Amino acid sequence: MTDYKETLNLPNTTFPMKANLVQREPEIILWWEENAVYEKMLEASGAKGIFILHDGPPYANGHIHLGTALNKILKDIVIKSRNMQGYRSCYVPGWDCHGLPIELKVEQELGKKKQEMPLSLIRNRCREYAEKFLDIQREEFKRLGVFGSWDHPYQTMDPIYESVITLELARFVEKGSVIRSKKPIYWCYSCETALAEAEVEYADHTSSAIFVRFPIHDKRLHTIFPQADLTTTSIVIWTTTPWTLPSNMAIALNADFDYALLQYKNEYIIIASELVDICLKQFNWEDAKVIKVVQGKDLEGMKARHPLYDQESMIVLGDHVTLEAGTGCVHTAPGHGPEDYEVALRYNLDVYSPLDDQGRYLDTVKFFAGLRVDQANPVVIQKLEEFHRIIQKNTIQHSYPHCWRCKSPVIFRATTQWFISMEKNNLREQSLKAIKKNIEWIPSWGEDRIYNMIASRPDWCISRQRIWGVPIVALICESCGEVWNDPSWMKKIAEFFAIHPRGCDYWYEAKLEDIVPVGLKCPHCEGEQWKRESDILDVWFDSGSSFAAVLEERPNLGFPADLYLEGSDQHRGWFHSSLLISIGTRGVPPYHAVLTHGYVVDGDGRKMSKSMGNVTSPQEIISKFGVEILRLWVSSVDYREDVRISNEILQRLVDAYRRIRNTCRYLLGNINDLTLDELVPVKEMESLDQYILDVVATAYTEIQKSYISYDFHTVFHKLHNLCTTDLSAFYLDILKDRLYTSGVRSHKRKSAQTALFYILHMLLRSMAPILSFTAEEVYKYIPDTLKDDNVISVFMLPFFETSSFLLDDRVRSYWETLLLIRAEVNQAIEPMRKKGEIGHSLDTHITLYVAPELHTLLLELNTDLCSLFIVSQLDIMPLSEASVDAAVSKIDGLAVAVNRAQGNKCQRCWMYKELGSNHQYPTLCPRCTEVVENMKI
């Protein structure tokens, strides 16, 4: 028997079936770099304008983790998709290089040597440390397949950048928004520095909780409570921070609450009326009784006695007093709480905070000198018990602020700090207005989150008592301690930062006479001796100034950005500081839209932690699966919530990837002999080919819309469904006969190849932002006869216009009906297959019994129904002539009869036909005979 395999047009491509991603990806990255593909992509785009995504700088410390990989890949998808849609979209990566984590690492490395080293040398070691990890992270990000200006990133420690930071501060000073005062702020006594709200995280903590008597000897007591005994009456407070009691200055009540005088045996106490029952139960006072009730405002100004010292504690009023816990009488230490501080300002109380930077009581503190606050609680409680001041004590577990870096509990401590006022120049009001009116928040709940944060936040403490950062450019009078920071002078200092090889190191290295203006006298005391301010700026001011240092300075960028894209924790971080600085200095927000993603958790939804042993690194995934699978994972999840990852999840994505890759390989294999001048005009293509182009073009359009709306998981599902359902399971399955057995130059085959060519281009453009390595690899294997010599990369392809592929609604509706008929035919065939009467649908003869309207539809579509249904023989008969064995269909006006095909099976196409019309080819059908004969010519 003759073998006709050589006469078939079988797929032919050298595109490898096995991806070999781990080995192949680095080769592609090297090729991208050698051929400047990122730059060429930018050159090829821009017809529709520009799109600006501004990179939030990761911290230059340690290796990247899955969270940073998720973030960078999301940004890369945005950048590539926008460029391929015709928008020039540059990606300038950045790094946050100053701050405590780096300084602490350097301190660990230096050990005791740090004490003997000059500040400039320590700063230089910090810079080297940041540079080291910047280089490490840069290579790790490039390994993710992320395009960008990797040779020209922005760094917050660049001299120009440090200069801009100082200029932004000068703008605030110019507007009168910067104040220096003694206020209680978050203080980490382990790190010995002030903290911003963004540097504080909450965790469960066990605290001592005590009810404390403050004796009242004020003679006014008898005027309000005639029954009270001045020798045994107290007002009772409840506190979970006993260590702050040495700093007590007052007791706060709510003016509108009722307060009761209670008698228990020979003792009298004052607490809020609504809390009497709860408190008595906690005190185990069964026989106590209410003597009299008055309002809080009636007690204002009365003097109590401090429970530890021979001093007074005034009764004051405050709206912050609630009835949620305690006694309704609030211990007030203005040096250790923002609400206490506000009350102190109204009543002219001393803002007393007798602690050093390490959280130890000063030598002037009686009983507790030298004790650290975390050691002080039991000692304070013991002393209170000695004085019989405690009614009841226990412990509670509650959410308590901790340092983001060292994880230690933090305290409020009043120190002299620099602040940006939230009220001056209406910074708070303008920011809240912009949040509501000028910015799109994705997802929408981000709006309420940042709005509430800014609505309730205190003034921004911008000073830090550390070394590694941008100095606060100000002079301090040696005589009176007042500061001088004229904005014009600050701007001149900033100019020196810009030209100094190590930027703001100029502040520390320059001679004092080169910094202090000649003849400068203190406006307050006329002193002429000055010293430099030693505090540095909050690193959130550094990164928050990036719009000024990057967007307003770099070519191809601009202000404001179209998009900021970071993790949801940045509502209190970079989004927050950037907004305040931009509103404060420009009057407008720095971004049009803010997109946030969640955290990466394990397959069970648990937070990843080393202690749980469930941490997965990007490097592990890349070395096992290749980064393409990691990128596919990013696109497959709804990243706006926390996203799960596990080996099982990744394995499923490997399978999905394989299907997409195999689809591309099949398309490549079947256009290997096609040339551009052989492309068939769409209107002249076979009906089925026109239909599939409509299907793919519609999906392609939806995918592009999903890229624009950042719905990348929709892109993944549409792309995967297109490859598996619309193409592999439907169109490509039908097409095999026409592609393999038709004449090599026949219209039918060229029509099919034309469709495959266009489909491949739509697939490539759909997948390239996500599956960048595979798309590039596929593009390289497209025959040169089908490519523009000047377009060397898939990322240089122009935007693909699909309008000519779209069918009108009537034809599309006809096809939808025809596919329903196809499904009915397949269902009717299945019983014969199960019985073993046939092995393949080609073994069947189908009779369609149709009503007139269906008959008209079938004729109008003018398609080969045998090919569409993958059967050998098909007849169309009037429904009225339906045989008794015809299966009734779910479609009105249709019945289907299935029989074995008549005749013999063609050796070449496997369809049942009358064979041997040409005696030279006794086993071929007439169609195959003609094709084989023509091959001789």
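Every residue, even glycine, has its Cβ placed from backbone N, Cα and C.
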Stretch carrying motif ''HIGH' region' according to Swiss-Prot (options 58-68, 322-332, 355-365): 58-68
Shell of the Zn(2+) site beyond CYS906, CYS909, CYS925, CYS928, same chain only (C-beta within 8 angstroms of their C-beta centre): THR741, GLN907, ARG908, TRP910, MET911, LYS913, LEU915, LEU924, PRO926, ARG927, THR929
Non-local residues, at least 6 beyond the ends, that sit with Cβ under 8 Å of the motif ''KMSKS' region' (607-611): 66, 599-601
Alpha-carbon distance [GLU566 (L-isoleucyl-5'-AMP binding site); CYS928 (Zn(2+) binding site)] in Å: 61
DSSP residue counts for the motif ''KMSKS' region' (607-611), split into helix, strand and coil: 0 helix, 1 strand, 4 coil
Nearest of the binding-site residues (LYS610, CYS906, CYS909, CYS925) to GLU566 (L-isoleucyl-5'-AMP binding site) - Cα to Cα: LYS610
Reported mean pLDDT - the motif ''KMSKS' region' (607-611): 81
Cα distance (Å, whole number) from CYS909 (Zn(2+) binding site) to LYS610 (ATP binding site): 60
The motif ''HIGH' region' (58-68), counted residue by residue under DSSP: helix, strand, coil: 3 helix, 1 strand, 7 coil
